[in-house]
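S.K.: Here it is, the structure in full.
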């Protein structure tokens, strides 16, 4: 990290704790801006990683990048998600303590992408378990399935997670992943029946309509057009792709289709104002897989215990749709967990990944935003508690006095929401459960009576004259740690109750769909206990999550969205300032900087700066702690600027470190070619190890066996020190060794195929040669691939290339045609031998809905068919027949009989054939 301090004026500091004006939000944001401008999207606050979404691929997640961050000290390399991943994994292996990575940020900030990159890192760098990599593959494959059913397009994010997810990855004693488990939180099921303007329903609905085969859609009674379904809002083109992979796919997609059919049930009022179903035929198709002969519509209308009016009937329909979808999602998570369950009896350690919704403030905030923001309050409380605890433990371990830190404790807000009897959730539950006429407005009145004096709560009735203008009578406002949020109480009671009529439960328990029968258990019907409300269930699951996270060693990734337009390179300061506030980054920085801005192990500090003191340069023979003491005295550190701990030096002010780093840069420039910068002992160890391996590979086993096991030739080490100098006798041996090692490594790690873009990083002297070799390698792989292509496959590829030129980016359904083979029999052309102007396009029928072949007439038939043949690189069907059979529709094939005559005449013959009389060909 220190190596980048010399460029801090241009790229900022890599750790916010090194900001001089650390209390200034403007300085914080300016540092973010500098780094973002240079495509440096990662910055630390101590051990916390701040990530800014670049909205483009920066090519920083390759296998080479993974290797760069493996086994390296956290601060030895630039900030990166892989540095966090590797540090967490090494702590898990060496300390045998469970770890957790908490990823937070608002929708579109990159949380889901960060989770995927972490899983990718562990899948590719961890040792494979003895029984194969099935668990690793399932961990990666679970993401697209959950995204299909749990993600949706919102105004802020095209792939927004509408549920919270905590995933445990279990490792065996060798550090190999052997199992996993997923906990999901608060799926936004209201989205199933309603979406805000400009947003869409869950991806899986569009994936089914867009990617489903014709036969599948026919069986499910579906049309491709999303506008045909009231639960889907047409906003742009649907998220393309085939239905998600998974188990029991047919039953699962039947349920998805059933939800769409439910949304198309309409009601009308009869003479007594009772609701009657007006779309009876729509539910008799294949979309709803059996309720054992009992029509579903009867349970929505005629056969309910008491008549329903139009509003109640629509509520029952939507409640059933939400229940079916949310329970299916829960079933899906359980099914994935069974596939991830560890087969190893003793899993030594667990690594948790938390990807959960960030703080939400919309134009209209309802029950879902209330729960989400309560979740963020709890996690912020935990974040500050654990950060303070970590700081205090480090100070105590190092024998340095701990000074109390002033910070905003948001416990007061958490208590406002969750406190028993007096908290908002308790008041909401009481209003939901009490007898009598309870409404959303009576709930608001109860809030005003109970918590009217709370400093973080406000309503229209309680506000002063000026503030009332910004509050409607059906709203309340909470002052969260991240700022004010106004909530509309409309729907709070219904969403919290989440009730489903008993008749509908009975119907679903009778379903022949095996998934539905698991989602609706008959034991519910006999259970007299009222189920817990949604808010209470969420509160209990959140308290459980907090306990899980407290039991683990935490690491943090804070994700920031740079703009709402999802544009690369655009830095919206107002939006970013809001996120910096609600993520608690300034609060975290204040806690981290309350004592000392910088701390390092004595060994690392001495190794880096020992060239600045004659007594410690070039080597220090004593204890590292004593060497650092001599060094800082020589540098003139004042007693108030630093403290000496048991294993680390603590520096209070960034300016002290900056002055030291600037002195080191001057020293290096003065050394020039006469001396080299400090040579870390661990580098010498690596060189020695590399030398032994190289020497052994070159056949020098006998000689190497007589050498000291830690010995490497002095000329190798001397060559390393002078590796950046022009080639000379002192560094020639080392440079040759590096070249040979690279070429041997390249031979072992050549790309496997044309799509494999991996390539070992060459030493500076071989960059040009490496590029030439890479170009030759690619050409060779392409040549080998082309040689192995069959004539049929070559023709297929040529056709696909032409299709790409014509349709790519111009026709919406082009992407769906790419994986499908072009079949020559799908289109054939027939023409007679006479002088008529008719020709027939034979189109292969794939279902009975297609009308059949096309009979065309053209005065320029020769020109038309010639150009068609040139385009298709083939002629019409030969030989030229005297009669042509064509398909006219299901079971209605037709025949055209051609006979010579003096003039053109087309009639229908008595035998039903089409008779064409025309001049004979000459």
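Here the Cβ of each residue, glycine as well, is placed from N, Cα and C on the backbone.
The ATP binding site annotation in TrEMBL covers 105, 106, 107, 108, 109, 110, 111, 112. Per TrEMBL, the feature domain 'Myosin motor' maps to 12-665. Marked as domain 'TH1' by TrEMBL: 739-920. What TrEMBL records for 542-564 is region 'Actin-binding'.
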S.K.: Please list, in sequence order, the residues in the chain of residue 105 (ATP binding site) that are at least six apart in sequence and whose C-beta is under 8 Å away from its C-beta.
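M.R.: The answer is 51, 111, 358, 558, 559, 560, 561, 579, 583.
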S.K.: Helix, strand, coil: count each for the residues of the region 'Actin-binding' (542-564), based on DSSP.
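M.R.: For the region 'Actin-binding' (542-564), the helix, strand and coil counts are 9 helix, 8 strand, 6 coil.
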S.K.: For residue 110 (ATP binding site), what residues in its own chain, 6 or more apart in sequence, show a Cβ-Cβ distance under 8 Å?
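M.R.: Long-range Cβ contacts: 51, 53, 559, 561.
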S.K.: Return the residue, from the listed binding-site residues 107, 109, 111, with the maximum count of other C-beta atoms within 10 angstroms of its C-beta.
M.R.: 111
S.K.: Determine, for the ATP site, the additional residues of the same chain whose CB lies within 8 Å of the mean position of the CB atoms of 105, 106, 107, 108, 109, 110, 111, 112; present them in sequence order.
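M.R.: Going along the sequence, the neighbours come out as 53, 157, 358, 559, 561.
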S.K.: Using all protein chains in view, find how many other C-beta atoms are within 10 Å of the C-beta of residue 108 (ATP binding site).
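M.R.: For residue 108 (ATP binding site), the 10 Å Cβ neighbour count is 23.
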S.K.: Measuring CB to CB from residue 106 (ATP binding site), give everything in the same chain under 8 Å that is also at least six residues away in sequence.
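M.R.: For residue 106 (ATP binding site), the qualifying residues are 156, 358, 359, 360, 559, 561, 579, 582.
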S.K.: Residues with Cβ closer than 8 Å to the Cβ of residue 112 (ATP binding site), same chain and 6+ apart in sequence?
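M.R.: Listed in sequence order: 147, 151, 159, 161, 355.
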